[in-house]
Amino acid sequence: MPPRELPTRELPLHVLQAITTFAFVGKLVPAPGTWGSMVAAVAGWGLVKFGGLSYLYLAAILAFIIGLWALEQELKHREDQDPKEVIIDEVAGMWVALAFPASAFAYFNIEMVWPGPLAAFIWFRFFDIFKPGVIGRADKQGGAMGVMMDDIWAGVFAGVFTLITAVAYHLGQDYWPVLGAQIIDWLPPLPFTGQA
């Protein structure tokens, strides 16, 4: 006797869309991906500030797992396999990006301040839009996994570049003014004009 298949139960489409659009934030136009990333950055900062770093880790993991599951169900009802209003992938990726500076702040036992989330947001949008390397390959994979994974990879790259930016800025705080003064000294003197 062949084994019976377990019944699968799908949520109503509007519930799936509430998940994949992150409570319908993805309906905002223009640029729903940017709106979603911005809301995720603020929400992620709030999770760290009022809950702790572990809350951000948990949120990123849940956003990926639940988002992947909901997206697989929703895409069955769509011809467009990467709808613009689906932003749960951006939310998960943004939280991955934010986890890097948040972890660094926690390591040094200091409260996360706005340049960290802002830099993570900017780098994330850069990598999510241009999709270099492995990010683009994940995007071409297609399906729910491809939709989710390109943003996860974008989040990883954004997180790393956020840390590089922070290190360059903080290490260079004393160095940049000195370098600027040296460059000015190296420049040839500007000719005076309008003098007799």
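Each Cβ is built from the backbone N, Cα and C atoms, and glycine gets one as well.
Caution: TrEMBL annotation is automatic and unverified by curators.
What TrEMBL says about this one:
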- 19-164: domain 'YutG/PgpA' (DOMAIN)
- 12-30: transmembrane segment (TRANSMEM)
- 50-71: transmembrane segment (TRANSMEM)
- 91-108: transmembrane segment (TRANSMEM)
- 152-171: transmembrane segment (TRANSMEM)
Going by DSSP assignments with H, G and I as helix and E and B as strand, what are the residue counts for the domain 'YutG/PgpA' (19-164)?
113 helix, 0 strand, 33 coil
What mean pLDDT score does the domain 'YutG/PgpA' (19-164) have in the model?
93
